[in-house]
Amino acid sequence: MANYRIAPSILSADFARLGEEVRNVVTAGADIIHFDVMDNHYVPNLTIGPLVCEAIRPHVQVPIDVHLMVKPVDRIIPDFAKAGANIITFHPEASVHIDRSLQLIRDHGCKAGLVFNPATPLHYLDHVMDRLDMILIMSVNPGFGGQSFIPEALSKIAAVRRRIDDSGRDIMLEVDGGIKIENIAEAARAGADTFVAGSAIFGKPDYKTVIDAMRGQLAQV
Ligand SMILES: O=C(CO)[C@H](O)[C@H](O)COP(=O)(O)O
Ligand SMILES: [Fe+2]
């Protein structure tokens, strides 16, 4: 079986009890904590910033994967690195200098990645494959949790999987949006190895039951 990772998105957690929520979801089997940063400019929603990342950092031993839905990108990167982020991804069309933003993330000791919205072309990968640790394919339009998976994302995941395999590099391929027990295997078959799930996990009373069921689906791929 491939090395699959489940990355609960805390966007759907109870923010009044966030420390307890992240501890519980890691105990339930989360491999990564997915941290959605929205700025009410690049996306029409406002969420959490470096202060909250710093606050949850002592509560989790797994990597924190910061998904920046912000524009501009660069000035917030050092703050997230200092706040304990391990992986930082951003949307290429939100950065003026993509290569510089990727380098900034790496210079601050974090893994770096690009995020593709459903209608963002993959040509942004052309000259930066050697600088990527993660490629994130959005299977919803960014801005909100709880949306339905867009099936066209599957062919895009497959195209990225080919590009990663051709590169010979160890790049995580993450899918984000509408992932649940019923469709996680499809995303894995298309080539994803890292699965963000917000509402599907935090919307249920028992996180372990959901994560175990997701792993059960992945075991059959
Ligand atoms: O980046 C995001 C939205 O922009 C979230 O990570 C994503 O939507 C997760 O939530 P859900 O699993 O409920 O779709
Ligand atoms: Fe996300």
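Just so you know, glycine gets a Cβ as well, placed from its N, Cα and C.
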For the divalent metal cation site, TrEMBL lists H34, D36, D176; sort out which one of H67, H127 goes with them.
H67
The one of D36, D176 whose CB sees the fewest other CB atoms within 10 Å, among these active-site residues:
D36
Can you tell which of the recorded positions H34, D36, H67, D176 lies nearest to G143 (substrate binding site) in space, using Cα positions?
D36
Candidates H34, D36, H67 (recorded positions) - the one closest to G145 (substrate binding site) by CA:
D36
Among all protein chains shown, how many Cβ atoms are found within 10 Å of the Cβ of H34 (divalent metal cation binding site), not counting that one?
26
